[in-house]
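Enquirer: Have a look at this one before I ask anything.
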Amino acid sequence: MLISVGIAIQAVLLGASLFVVILRCWTRLYYEKKKLSLSEYFAWMGWIFALGWFITSTLSMLILVRHPPEGSDGLIPSVDYQKIVWVAAYFFDTGIYWPKLSILAFYWYLIPDVFQSLRVALYMISAYLLSCMTTSILLNTLIARPISDNWSVENQLNSAWNSLPNFLTQWCLNFSTDLMLFCFPFFILKHLTLRTEQKLGLVGVFSLGGITMSASLARFIISNAADYQLDYPSGNALCMAEMATAVIVVCLPGLKKLIMRSRSTTNTTSQGSNSNQLSSGHSSNMTASKSRTASQSYAEWGVMDDEIELPSHPQKSHLPGELKDVGNLL
């Protein structure tokens with residue numbers, strides 16, 4: 001892949017993820033009339049790290065134009081290049097965890113205290129996720145001994161950027177956390193009383209995590225097929241694809257209300273027109289008005305308030321606030 005093409009692909013992916021994050025925050029602030037939650041802030045952190053990856057990877061590829069690889073080992077004769085890619089490793093390997101923290105923060109808000117088993121599972125997932133994130137930082141910092149090998153031209157094959165054990169470990173940590181976050185929400189379904197079509201809709205939302213896992217798995221398979229010698233533009237574009245996809249996926253569920261609001265406006269206009277043609281008398285108009293109000297309420301939340309129930313612990317029915325966001329996802 002040409003360097004210019006690789007940079008262009010990364011720019012498009014970065015721009016797309018920025019658009020979705022802004023739309024998510026706009027929906028939260030102006031449609032839901034709420035302050036940004038921790039989930040949105042983590043999504044922004046994910047995008048900022050993706051921006052850092054774009055800048056550092058672009059700078060490194062521009063250096064490659066002036067200092068192309070030399071010898072059979074493909075060494076890059078530039079200290080600046082070694083320093084930049086070392087920083088880039090932090091942006092990617094650490095940045096990929098921010099979207100995971102975003103969805104985890106949403107799970108913490110979604111699940112009330114009455115579900116003790118799910119809360120315990122959340123504690124375990126949180127501890128594992130933070131451990132993986134910390135391990136990622138330590139690996140990039142300590143795997144090269146001495147640390148100066150990370151910016152040494154002569155010993156660059158020992159750097160964190162070029163270390164195969166580091167690559168494999170980082171990918172395993174990354175994919176395992178994706179897998180845990182992907183599987184966890186399906187255990188929530190048995191605790192909710194929903195219609196079949198609503199459960200299918202919720203499964204569809206939870207399955208969005210499979211997109212991120214697919215991007216990660218594709219990057220690993222392609223790298224392995226190339227014997228871990230993938231050209232720099234292609235490798236960098238795949239990394240950006242994974243980061244951008246992760247940010248987009250965690251923001252998509254928050255856009256459901258915006259979509260439903262748009263549909264509600266269309267349906268209300270249509271119902272108003274039909275009501276003017278068919279209504280005869282004050283009582284008929286009142287009936288149509290009530291129907292439209294109920295329809296708008298359903299469209300706004302995606303599910304009526306009394307359709308989501310706790311099948312057990314009825315004494316805790318004063319906690320529908322945490323479960324109301326489930327309705328936003330349907």
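Every residue, even glycine, has its Cβ placed from backbone N, Cα and C.
Whatever TrEMBL says is automated annotation, not expert-curated.
What TrEMBL lists as transmembrane segment is 6-29, 41-64, 84-110, 122-147, 167-188, 200-222, 234-255. Taken from TrEMBL, the feature domain 'Rhodopsin' covers 23-260. Positions annotated as compositional bias 'Low complexity' by TrEMBL: 263-285. As annotated by TrEMBL, region 'Disordered' applies to 263-291, 310-330. Annotation comment: TrEMBL describes 319-330 as compositional bias 'Basic and acidic residues'.
Show me how these features fit into the shown structure, please.
Expert: Residues 35-37, 40, 43-44, 47, 50-51, 54, 57-58, 61, 232-234, 236-237, 240-241, 243-244, 247-248, 251-252, 254-255, 257-258 of the same chain lie 6 or more positions beyond the ends of the transmembrane segment (6-29) yet place their CB under 8 Å from a CB of it.
Away from its own ends, the transmembrane segment (41-64) comes close to residues 3, 6-7, 10-11, 14, 17-18, 21, 24-25, 76, 78, 80-81, 84-85, 87-88, 91-92, 94-96, 98-99, 101-102, 105, 232-233, 236, 239-240, 243-244, 246-247, 250-251 of its chain (Cβ-Cβ under 8 Å, at least six residues beyond either end).
Beyond the transmembrane segment (84-110), the same-chain residues lying 6 or more positions past its ends with a Cβ under 8 Å from any Cβ of the stretch are 37-40, 42-43, 45-46, 48-50, 52-53, 56-57, 59-60, 63, 122, 125-126, 129, 132-133, 136-137, 139-140, 150-151, 159-161, 170, 174, 177-178, 181, 184-185, 188, 209, 212, 239, 242-243, 246-247, 249-250, 253, 322-323, 325-326.
Non-local neighbours of the transmembrane segment (122-147) in the same chain are 86, 89-90, 93-94, 97, 100-101, 104, 107-108, 111, 158-160, 163, 165-166, 169-170, 173-174, 176-177, 180-181, 184; each lies 6+ residues outside the stretch with a CB under 8 Å from one of its CB atoms.
Same-chain residues lying 6+ beyond the ends of the transmembrane segment (167-188) with a Cβ under 8 Å from its Cβ atoms: 93, 96-97, 100, 103-104, 107, 110-111, 118, 121-122, 125, 128-129, 132, 135-136, 139, 203, 206, 209-210, 212-213, 216-217, 219-220, 223, 228.
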